[in-house]
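Structure first, then comments.
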Ligand SMILES: Cc1cc2nc3c(=O)[nH]c(=O)nc-3n(C[C@H](O)[C@H](O)[C@H](O)COP(=O)(O)O)c2cc1C
Ligand SMILES: CC(C)CC(=O)C(=O)O
């Protein structure tokens with residue numbers, strides 16, 4: 001395995017922060033706001049990032065780190081780095097090649113990809129681009145089961161390894177810029193996975209802007225608060241599948257839905273849940289026979305005021321006690337963040353927005369750059385901390401530092 005290298009890949013962009021800054025100039029306001037914002041005041045989004053600064057690394061020395069292996073096994077595949085691409089919706093907004101570009105980059109870099117139910121590319125097209133690299137289908141389990149059943153069956157056929165059921169979305173978080181911008185998918189893009197279910201499945205719903213007449217196929221149930229909790233009696237969604245009308249499902253429950261999903265998916269695909277943030281729910285997840293957990297707060301886009309994912313991780317790891325894998329996402333912007341998450345007990349880390357910034361910068365090449373930057377940083381961090389294999393990264397490599405500078409061992 002290669003030793004770390006400091007050779008730059010792109011002199012314009014040496015860090016994820018620089019990638020974010022470049023991407024900022026390449027996206028229109030609607031897209032930039034939709035991708036970047038968090039719910040409400042955005043404090044959970046910020047804390048997802050700042051939580052990493054509460055930990056410092058305890059490097060060990062004189063350990064012969066001339067050969068470092070940052071790879072991990074996931075879904076029977078050797079992932080080149082302990083990082084995967086988290087599912088994020090509507091990637092064609094960032095670049096015309098959208099999810100296809102992401103899949104090609106993942107294939108080249110040997111990195112697993114999560115595909116959103118609300119992608120702008122079909123899961124079959126993504127599978128085609130991915131080759132042997134494992135794909136995971138992120139699932140919003142709809143109240144209209146038949147749509148979900150069809151999607152699951154297509155994912156099985158296309159060789160997806162798992163579904164990640166998103167469970168932090170009984171209602172949509174309140175994203176104020178999205179509301180103010182009256183966010184909608186331009187009509188030349190499609191919510192591709194449902195286009196065949198519903199020829200009017202363009203994302204035209206949601207925040208009505210008084211121009212209904214110009215819209216291609218107005219959904220039957222669309223309002224500026226669709227998907228949000230407005231305190232009124234709920235009407236289950238019918239009609240065109242749009243994210244404002246269908247993504248949120250407040251009826252999901254442990255007993256009925258996990259059993260149903262396992263029956264639909266297994267044995268071809270594993271069932272994971274994405275969006276667990278407490279030890280209690282982690283224990284229930286194990287009890288209900290899921291294959292793995294992603295500790296996530298949806299990148300701070302759902303419940304603002306929720307704990308940063310890095311802060312929620314230790315209680316989940318403790319509750320799971322090694323019985324199933326625990327992954328984490330949210331706020332990962334540096335190789336040292338990845339190292340810290342692994343040291344706190346995560347088996348794997350997923351990244352969301354940095355990939356979108358890579359896409360916006362240069363399509364496939366930009367996503368590769370994003371993964372290279374983080375991969376190089378992970379390798380260098382491992383070497384400088386005195387670790388040559390991911391399995392050896394444990395909490396003995398971390399200390400926690402409080403606001404007054406007091407350092408405590410974990
Ligand atoms: C623009 C955007 C769209 C997203 N779409 C989805 C989605 O469709 N399904 C889902 O489960 N999570 C979705 N997420 C959440 C990500 O999967 C992931 O949890 C989050 O982005 C991780 O935080 P990070 O962006 O700080 O890395 C989305 C996140 C963003 C930023
Ligand atoms: C289809 C959506 C609800 C996408 C999403 O999860 C998000 O925007 O955070």
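The backbone N, Cα and C atoms fix where each Cβ goes, and this holds for glycine too.
What TrEMBL says about this protein:
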ACT_SITE  298  active site, proton acceptor
BINDING   34, 140, 175, 298, 301  glyoxylate binding site
BINDING   87-89, 116, 138, 166, 274, 296, 329-333, 352-353  FMN binding site
DOMAIN    8-403  domain 'FMN hydroxy acid dehydrogenase'
REGION    200-238  region 'Disordered'
Q) Do any of 34, 175, 298, 301 (recorded positions) have a CA within 10 A of residue 274 (FMN binding site), and if so which? A) 298
**Q.** In sequence order, those binding-site residues of 140, 175, 329, 333 whose CB lies under 6 Å from ligand 1
**A.** 329
Q) Which whole number of Å gives the largest C-alpha distance between any two of 34, 140, 175, 298, 301, the residues noted as binding glyoxylate? A) 19
Q | Overall pLDDT for the domain 'FMN hydroxy acid dehydrogenase' (8-403), taken as the rounded mean | A | 92
Q | Nearest of the recorded positions (34, 140, 175, 298, 301) to residue 329 (FMN binding site) - Cα to Cα | A | 298
Q) Rounded to a whole number, how many Å is the Cα of residue 175 (glyoxylate binding site) away from the Cα of residue 333 (FMN binding site)? A) 22
(Q) DSSP secondary structure for residue 298 (active site, proton acceptor), reduced to helix/strand/coil, please. (A) helix
Q.
Roughly how many Å lie between the Cα atoms of residue 331 (FMN binding site) and residue 298 (active site, proton acceptor), rounded to a whole value?
A. 10
Q. Cβ under 6 Å from ligand 2: which of the binding-site residues 89, 140, 331 qualify?
A. 89
Q. Rounded to a whole number, how many Å is the Cα of residue 301 (glyoxylate binding site) away from the Cα of residue 333 (FMN binding site)?
A. 17
(Q) Between the Cα atoms of residue 298 (active site, proton acceptor) and residue 87 (FMN binding site), what distance do you get, rounded to the nearest Å? (A) 10
Q | Inter-residue Cα distance where the pair is residue 34 (glyoxylate binding site) and residue 87 (FMN binding site), in Å | A | 15
Q) Cα-Cα separation of residue 89 (FMN binding site) and residue 34 (glyoxylate binding site), in Å? A) 10
Q) What is the total of other Cβ atoms whose distance to the Cβ of residue 34 (glyoxylate binding site) is within 10 Å? A) 22
